[in-house]
Amino acid sequence: VAIKGIERELICPACKELFTHPLILPCQHNICHKCVKEILFAFEDSFADGGSESSNQSSPRIRISASSMDRIDRNNRSGIKRNSLTPRSTLFPCPSCQRDIDLGERGINGLFRNFTLETIVERYRQAARAAIAIMCDFCKPPPQESTKSCMDCSASYCNECFKIHHPWGTVKAQHEYVGPTTNFRPKILMCPEHEMERVNMYCEICRRPVCHLCKLGGGHANHRVTTMSTAYKTLKEKLSKDIEYLISKESQVKAHITQLDLLLKETECNSERAKQEASQSFEKLYYVLEEKKSAALRAIETSKNIRLEKLQTQVEEYQGLLENNGLVGYAQEVLKETDPSCFVQTAKQLHVRIQKATESLKSFRPAAETTFEDFVVDTAKQEDILSDLSFHSNGLEIPEINEEQCRMYNKALISWECPEKTDSADIYVLEYHKLNKEEESVTWQKTEVCGKSKVISDLDDDSSYAFRVRGYKGSICSPWSREVIMHTPPAPVFSFLFDDKCGYNNEHLQLNPRRTSVESRAGFPLLLGSERLQVGCYTTLDYIIGDTGIAKGKHFWAFSVEAYSYLVKVGVVPSNKIQKLFHNTHDVSSPRYEQDSGHDSGSEDAFFDSSQPCTLVTLGMKKFFIPATPAAPKDPASRILPLPSCLGICLDCDRGRVGFYDAGCMKCLYECEVDCSGLMYPAFALMGGAAVHLEEAVTAKYREYHDDI
């Protein structure tokens with residue numbers, strides 16, 4: 001292989017020059033020892049100067065990206081130990097793979113020097129310089145050209161100096177010498193972590209040579225290692241086979257190169273054609289705009305001339321009404337006529353004109369409007385269309401927002417998918433805006449998303465938002481998806497868990513470990529309770545409350561009730577009535593309290609309201625029952641609604657009202673007054689087979705979960 005043909009592999013990615021004392025990074029890329037130091041010290045200087053651009057001027061060879069500066073800045077703030085003698089950052093941004101590489105506790109001192117690469121670079125330098133001589137290090141001025149270099153002394157000698165410094169019969173006479181070179185490599189590769197130990201093993205996990213101390217008690221104690229000879233043989237065989245394979249495919253590589261050359265030319269031609277087509281499209285738009293502009297200006301000019309003509313005529317008419325001027329002057333001359341017949345003949349028509357002028361004075365009105373409000377061009381829609389002007393491709397699918405996977409609670413989770421279940425877009429843009437009838441123009445808020453879902457925070461309570469999404473692949477984008485309207489909760493979300501201490505009946509109720517779900521099981525205890533059937537009492541409700549109370553303000557929480565649930569009551573209870581709630585002797589399942597018991601409905605409702613320690617509504621058998629109040633419909637069937645998949649409760653302590661909502665669309669199903677004089681707690685009651693699950697807050701984990709799906 002011609003040594004000059006591999007120059008690309010011998011260039012440092014940082015300084016763009018030939019490697020000088022290259023080091024092997026943990027990511028297996030190489031970089032000059034000097035470049036590593038310069039980059040790390042440049043980061044330290046930038047950190048000390050507040051990240052100013054002027055701090056990087058000391059090293060013009062190295063350019064530090066803004067993203068790398070941000071990463072190192074975060075690492076410096078994280079508490080990494082520093083001293084003034086060595087670079088302080090242990091994370092190094094690799095110029096080749098653009099990743100942050102952990103250099104470990106020893107930093108630069110823990111990196112191996114790539115002697116093989118250094119030798120190849122030296123051979124390249126010699127081939128490039130050819131006739132440039134290496135001078136003797138020990139000659140008196142002027143130095144002579146060296147004839148050999150000692151690998152043990154790391155120096156070059158001419159013949160005379162070599163004999164002087166390596167006399168026969170001494171230990172130095174046994175030193176290894178080679179032809180003139182500037183690349184002196186040690187005979188034995190030593191461990192950078194244990195400087196007195198030679199490397200004799202190869203770590204297959206970290207892909208680096210290690211010594212026996214690294215394996216016994218160092219950072220490679222639990223790693224899989226092999227002997228250096230085995231690793232040498234294995235890697236050399238693999239590399240040889242791969243090289244032989246590439247050499248055998250030389251004709252195929254040349255064919256690919258030829259094909260790539262054609263593709264380069266084709267790309268150039270197609271790009272020029274695309275530029276021309278884009279220019280023509282914009283020229284058409286310019287032409288249409290110019291035509292519209294000219295037509296609008298002509299219409300305004302025509303209207304102006306007509307109005308000026310009318311106003312000028314009106315001015316002349318009114319000037320004629322002045323004394324000795326126009327119509328009045330003419331009338332004054334007519335009055336001088338003494339012949340009655342001649343006067344009457346002329347004055348009749350003149351009198352009509354005078355009457356019209358008199359009437360116009362009484363009700364003055366300009367002959368034309370001065371404003372041009374009818375000629376205002378509304379370009380809001382066109383501006384929106386032009387702002388979305390981009391390259392559209394029929395091959396890029398239009399994403400669809402999946403309303404079933406979307407959630408609106410403390411935050412908004414927006415999920416979408418492609419109809420063909422493919423991920424043809426590289427990135428998605430999600431836009432949303434608050435629906436406001438008062439605003440004439442709509443301002444969309446934009447966010448870029450790499451996946452197919454996004455959590456949106458900081459939305460206003462009790463508001464409606466429109467969402468839409470489109471996909472991008474390079475500069476090509478898909479059309480916008482259908483807009484989806486979602487409603488935020490009427491108040492800030494209140495977080496709590498089920499209380500497993502206050503009044504909790506663990507014989508009838510079962511909580512999950514996180515205390516976000518409660519289940520009532522119709523088991524053996526319920527059968528024992530049914531013995532009271534002989535005295536007209538079936539069984540009692542099992543109550544459970546939230547572990548956090550509300551003292552003031554407006555709050556909202558949501559939950560779901562399993563479809564198989566027989567009877568569930570939900571609402572709020574004040575702290576001063578909690579004991580009464582759990583020790584209530586009245587049984588709501590007794591025939592005494594059944595609505596069809598035959599009692600007068602008015603007195604029964606009054607007794608029901610006064611006897612209940614808390615405000616609850618009844619759910620069950622996939623139904624939502626509106627309480628029987630004077631304001632409620634008298635027909636029982638009209639008070640029964642389908643049970644929503646998710647229910648919400650909004651408590652307004654300041655107004656003393658509680659509302660029950662369909663949390664899916666944030667529609668209020670029922671609202672009533674409530675006494676908020678004490679601390680208010682969410683309350684739930686279950687009977688028979690039933691289960692209630694609290695709605696979980698929307699977090700970033702939901703995005704990861706839906707992405708996995």
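Using N, Cα and C of the backbone, Cβ positions are placed for all residues, glycine too.
All annotation found in TrEMBL is predicted automatically rather than curated by experts.
Counting only same-chain residues 6+ beyond the ends of the coiled coil (257-284), none has a CB under 8 A from a CB of the stretch. What TrEMBL records for 257-284 is coiled coil.
Here TrEMBL flags 186-228 as domain 'B box-type'. DSSP states for the domain 'B box-type' (186-228), grouped as helix (H, G, I), strand (E, B) and coil, give 7 helix, 11 strand, 25 coil.
Counting residues per DSSP class in helix, strand and coil order gives 35 helix, 2 strand, 21 coil for the domain 'COS' (335-392). According to TrEMBL, the domain 'COS' annotation covers 335-392.
Under the heading domain 'Fibronectin type-III', TrEMBL lists 395-491.
According to TrEMBL, the feature domain 'B30.2/SPRY' maps to 476-703.
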The domain 'Fibronectin type-III' (395-491): DSSP-derived helix, strand, coil residue counts: 0 helix, 43 strand, 54 coil
